[in-house]
Amino acid sequence: MIKLVKKINWMTLLVPVISVILGLLCGAVIMLVIGYNPILAYQSIVESIFLQPYYTGETIRAMIPLVLAGLAVAFAFRTGLFNIGVEGQLMAGWLASVACAIVFGHLPRVILLPLSVLAGGAAGALWGYIPGLLKAKFKVHEVISTIMMNYIALYTTAYIIKNFLYTEGERTPTIPAAASLASPFLANLTQGSRLHWGFIVAIIAVVAMWFILWKTTKGYELRAVGFSPDASQYAGMNVSRNIILSLTISGIFAGLGGAMEGLGTYQYMTINSTFTGIGFNGIAVALLGLNTPIGVVLSGALFAGLQTGGLTMQSNAGVPVELIQIIIALIIFFVGSGYVIKWAMGRLTRKGHK
Amino acid sequence: MSYAIEMRHIRKEFPGIVANDDITLQVEEGEIHALFGENGAGKSTLMNVLFGLYQPDKGEIYVHGEKAVINDPNDATRLGIGMVHQHFMLIDKFTVAENIILGREPKKHGMLDMAKAVKIVKELSEKYGLDVDPNQKIEDITVGMQQRVEILKTLYRGSDILIFDEPTAVLTPIEIQELIAIMKRLVKEGKSIILITHKLKEIFECCDRCTVIRRGKNIDSMAISETNPTDLASMMVGRKVHVQINDAPYEPKEKVLEVSHLSVLDQRKVSVVNDLNLTVHGGEILGIAGVDGNGQTELIEAIAGLRKVKDGSIKVDGQDLTNQRTRKIIEAGLGYIPEDRQKHGLVLDFSVGENMVLQTYYKKPYAQSGFLKNKVITKKAKQLIQEFDVRTPSEKTLARSLSGGNQQKVIVAREVDRSPKLLIAAQPTRGLDIGAIEFIHGKLIEEKKKGKAVLLISFELDEILHLSDRIAVIYEGRIIDIVNPKETNENELGLLMAGRRKGGAEA
Ligand SMILES: Nc1ncnc2c1ncn2[C@@H]1O[C@H](COP(=O)(O)OP(=O)(O)OP(=O)(O)O)[C@@H](O)[C@H]1O
Ligand SMILES: [Mg+2]
């Protein structure tokens, strides 16, 4: 882990930090213009997250799928691919885990719980494998195919729920307790939040990403192909196979994210008429986290905190919760313009020398 | 009289290394000034400082006698400084004209005026004798042509001081002669030129004065008329340089590479290797001589499994490897120093250490049951860096930040160290300094002595003549003759390369 931190050079670290500060500042300006008190607003976010166990728990809970989605995007990115299909992979994983839990409900917990989690990962893997195959064999660009796969997931999950797993309230039945990640202990600890054991899965996934990429021969290959497909091919690596593998592993992370929602937070899946948004937020999380495992955790925490704390901001400072989405969008905007920030910093330090 | 360029006491540090240490460079108006120094001496860095890509930590720059502050390449351009980089900076999918005008487009009613752009490019290319077709895409033209585009780019921006960073490393001998003619013409038109090269021949052919740097420090400046190649070479390396000669007796062993009736198509589906036959034995260096574009590249790509074989067969060590995967061919005993080091030889964003095991990372001792053994890799990398004198702060440094010649040394170290049965060396000493060339040549000869087969492709006839036990001349995708280097000379080779067989009708 120490090595991980060392790899980041300070200059690149500046961009996300400055982006977050600028995003928050711009958010404050907007609040001022509309007539709210930004200090009160931010204060209520910070206080709720750090001083009210319920919001702390909810923040960590919201982090779980965000981090997994972020890892999915970051993993693919590290190997030179844009996985825009995390959303679809996540939905596929969500439904698969819930379906597995319900269908095999009679099995004991030691088997059923891991099996359901794995089912989620496997469904995500499949949803990543298909665009990988399309790219490797037919050169279909993964951005296009993963977006298409998102829609396929959206409508297929709805269809399956409607026809096979339907219950009152436009959703699947609740999963049996044996497959649930929810924990009365954690809930009590956090004054009734929905915090569940899924955070352990997220931690394992964070370590796994780092381990796979930097400690295994496959990871070496994936990174080499990501940086330079030409040189990798000259060195005897199979570029197509690595593309497929990369998107498949990426899909596993996303699918696990969905399983955490299905088995942990909600205990069922509703018929979605629109996307959950977690997968897309995952892109932002990865971007802000510089596509590193640790970075994904940090930026996942930030986004989850803003979203959860945003609720108290509304009740305490009267600021509409939508403003949080604007702030998040602003942060992403600034990260995206990282080049400009670097350039400006360069200019400033240079002027300083003279 | 003031200098066109005067750089005084320049210092530039990178993490772990002082690339330029108190360097002073004075370039007179209207001269060709050579900047000479070993790989990693700091030549490119100094020129990048002049061009505004790097900021010096210390020192001053004067342009035409006036003190100048160069914050970025735009400043440099404004001051009339243009640079042709060691590695080209062109956009493949754009046409020649689009590349040249990029950033300074001629406009009509606020819209890009392409017709005018083409016209300007045509005029410029005629004025300086730089023959290009403005409408061709960069990806479709030769390296020599791409370089002319780079030169035109600087001329289009009105530069009167031109920096050439190792322009001849990527050129064929004929293109080099053309470039020298172009540079002489440019100087006649009143331009001043700074030329970086590792080839003494070129310096003595076209330069007026020369500045030598070694390990980031100034050694000396002198007029070319007052020195000679031997002195200059030892001044650069800091010791006497010996030419390595392949003096080991020629005792060919069993056949290692057997290519028979090989036909290969290029991207455009044109047959570029036609019914080619070639055998390389263990214990010999076989040199392939030929003008660029006669099928050399496609031949070696086919051997390496990177290009489909249409007809014929390729055997390594008796094993048929026609159209096999590259991995399998490498495991059967192929080592390959590719021509394009940045694109094919290295993963630039990997560290030097990671690059040292690019083909072997999954094998013992570098890995065990799928897990990398980073300690072993680091140790190997350190050993190779030491042995091959790769100038790098450490094995953790990204390959990207190494000097061009040191990148090449990383590749050569990796391939030679594996001691493959068959070593294909395509332009193995491109961009290397005289000392490093001597070293690499020694290594190739050593491989031969060990009984390995070496297939050498080079545009440098000197190199081919010095090292080869046999020389195969390739022309239009066929081996038209095999000659003994001891019984031939550059003239005869030149004729053969142009397709005239010995005693043929053309004689
Ligand atoms: N961007 C960079 N970051 C870190 N180190 C660098 C960077 N650029 C160059 N260096 C280091 O500075 C030294 C000088 O490099 P430079 O490219 O100037 O050498 P050079 O004289 O042009 O060599 P060559 O003949 O091989 O091209 C080298 O040791 C190189 O590793
Ligand atoms: Mg250089």
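Cβ coordinates are placed from backbone N, Cα and C, and glycine is handled just like the others.
Remember, TrEMBL labels are computer predictions, not curated facts.
For A:12-39, A:59-77, A:110-130, A:142-161, A:197-214, A:243-266, A:278-303, A:323-341, the entry in TrEMBL reads transmembrane segment.
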Select the range from A:12-39, A:59-77, A:142-161, A:323-341 that forms the most Cβ-Cβ pairs under 8 Å with the transmembrane segment (A:243-266).
A:59-77
What residues elsewhere in the chain lie close to the transmembrane segment (A:323-341), defined as a C-beta under 8 angstroms and at least 6 residues from its ends?
14-16, 18-20, 22-24, 26-27, 30-31, 41, 281, 284, 287-288, 303, 306-307, 310, 313
Surrounding residues of the transmembrane segment (A:142-161) on its own chain - C-beta under 8 Å, 6+ positions past either end:
76, 81-85, 87-89, 91-92, 94-95, 99, 127, 130-132, 134-135, 171-172, 243, 247, 269-275, 279
Which sequence-distant residues neighbour the transmembrane segment (A:59-77)? Criterion: at least 6 residues beyond either end, Cβ under 8 Å.
49, 83, 86, 89-90, 124, 142, 193-196, 198-199, 201-202, 205-206, 209, 212-213, 226, 246-247, 249-254, 256-258, 260-261, 264-265, 278-279, 281-283, 285-287, 289, 291-293, 295-297, 299-301, 303-305, 307-309
Where else in the chain does the transmembrane segment (A:12-39) make close Cβ contacts, counting only residues six or more beyond its ends and a cut-off under 8 Å?
288-290, 295, 299, 302, 317-319, 323, 326-328, 330-335, 338, 341-342, 345
